[in-house]
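K.L.:
Pasting the feature list from TrEMBL:
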- 598-613: compositional bias 'Basic and acidic residues' (COMPBIAS)
- 614-638: compositional bias 'Basic residues' (COMPBIAS)
- 1-214: domain 'Nucleolar protein 10-like N-terminal' (DOMAIN)
- 256-314: domain 'Nucleolar protein 10-like N-terminal' (DOMAIN)
- 319-367: domain 'Nucleolar protein 10-like second' (DOMAIN)
- 432-458: domain 'NUC153' (DOMAIN)
- 476-507: region 'Disordered' (REGION)
- 594-638: region 'Disordered' (REGION)
Amino acid sequence: MQVSSLNEVKIYSLSYGKSLPEWLSDRKKRALQKKDVDVRRRIELIQDFEMPTVCTTIKVSKDGQYILATGTYKPRVRCYDTYQLSLKFERCLDSEVVTFEILSDDYSKIVFLHNDRYIEFHSQSGFYYKTRIPKFGRDFSYHYPSCDLYFVGASSEVYRLNLEQGRYLNPLQTDAAENNVCDINSVHGLFATGTIEGRVECWDPRTRNRVGLLDCALNSVTADSEINSLPTISALKFNGALTMAVGTSTGQGKIFTSLEPEHDLNDVCLYPNSGMLLTANETPKMGIYYIPVLGPAPRWCSFLDNLTEELEENPESTVYDDYKFVTKKDLENLGLTHLIGSPFLRAYMHGFFMDIRLYHKVKLMVNPFAYEEYRKDKIRQKIEETRAQRVQLKKLPKVNKELALKLIEEEEEKQKSAWKKKVKSLPNILTDDRFKVMFENPDFQVDEESEEFRLLNPLVSKISEKRKKKLRLLEQQEHREKEEEEEPEGKPSDAESSESSDDEKAWVEEVRKQRRLLQQEEKVKRQERLKEDQQTVLKPQFYEIKAGEEFRSFKDSATKQKLMNKTLEDRLKIEAKNGTLSVSNTTVGSKQLTFTLKRSEQQKKQQEAEKLHRQERKRLRRSAGHLKSRHRRGRSFH
């Protein structure tokens, strides 16, 4: 794997290294890996990721599982499965492919644009249909809402092929002589085409009218730019609903970083939602580059993130470490403009590469005091490093001062160990906003006198005494407000080793001591409570019964509690004796239980009163009947 860096952007070439021929046996391959270091260090992400001669185009399916590439010779298309990291299938074609488009999420629907004006449709099983366009095509895009294919090429017209109707529609007439590239926005469906005149025309597929025109060539050329020909649009891509990227043939625009492979590039494809870059080259081997700044590694090769992190921790010399990139203005300042065109300068983009040793020599001749300035800067850095190792004045919080001091000491020890072992340091609690309240709110103050704290931290007393001494020293330094801090005396390393060896014994003794102290304190508390109970005089307390409720004796509650403690069988027997429960057998062999609810005294009194009332009414009815009969008899007698 090769690492290069430009503009502080690291690029990892994963396809760098020697490729072994297929006809070699496994035994010979293992022997080569043992002998050759380059063969042993090479990374082969996908097996047989190459073409017989040249690779022309390369694309990734929408689901990210398949990588399709076309090449020669003979003309063919190869599909690689990223889940299996190997070749899935290969199909030979009649002519070379200019470009192709994957219409489905996987490889089941593919459209190829050939250099002989043929359009070839492939399904999951293979070849499906072939048709021809009037002019030679250079690029095409698919409009999903209308199922239209838009073709641009060596003509001013944009040809439209409807896949639902299976026929050509009226073309779009542009103002350009020829069109190079095209793209369709996936959000609102706007169609854009790039012309050889350096313009971008935008069309609305719904009305088939032009809605915008951008003159990119005129805006890209400035007074400082040096061009030999008119910039033409060579790349066009939408990003979201409102953003569009345009590339010109002269390379106008701000450069983020660049790749310089050994062979010319035919096509570039960015793996979706990642920092992986796939290239089709004028060589059998296809290029794989990983740029961590652009995004993470794909899911099927997530180990690349760990690999690059290890390489960053142990930096090695990159490709451009032995060379210095200088612009034309830098050469004028150094007085080296006469070297332009010589072997000492290698033209690259908007500047030149020169040997780093030559650059340092010339810079030393131009500015002889540069070394003295460099030496002073180094001495100043060393002094600042030594100052940072001293004990500095620490501003402790108001709440949990001892805990804050403990965290500060632990942080210093971690920094020392990280400096020795080159380990990444973890974030500190004191600087974390999530734990800020713990050192500001008094409710979070640690209670060192509590039983849990004393048992869980048996050695805290010994450590806290040292920390309290240091805390008093820090408070004295705050009161004095000295400008220079004095370094406190530390204890010798022998004392530390002796204490560390006796930690286990001291811990056991401290636990026992704390338990004895807690037992004594608990005993004293019990004696104090007993004295208080003896001194207190018990007074009778009266309770008022609410209206509608009855007072039940404690005997009833005790019997009820005993009854609840018995089993269900015993309770059923008792209920049967009292008459509140009756058990009877049914005709089908099961048992039937009948419960009679108990009535309260108030209900019984009410029932007796109702019974007396009914009896009184019957007696009154009888007496009234006797009076009526007597009255009738008297009338009949008269």
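Including glycine, each Cβ sits where the backbone N, Cα and C put it.
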K.L.:
Check the domain 'Nucleolar protein 10-like N-terminal' (1-214) for me and report the mean pLDDT.
P.N.:
87
K.L.:
For the domain 'Nucleolar protein 10-like second' (319-367), how many residues does DSSP put in helix, in strand and in coil?
P.N.:
21 helix, 14 strand, 14 coil
K.L.:
For the domain 'Nucleolar protein 10-like N-terminal' (256-314), DSSP counts of helix, strand and coil?
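P.N.:
Per-class counts: 14 helix, 17 strand, 28 coil.
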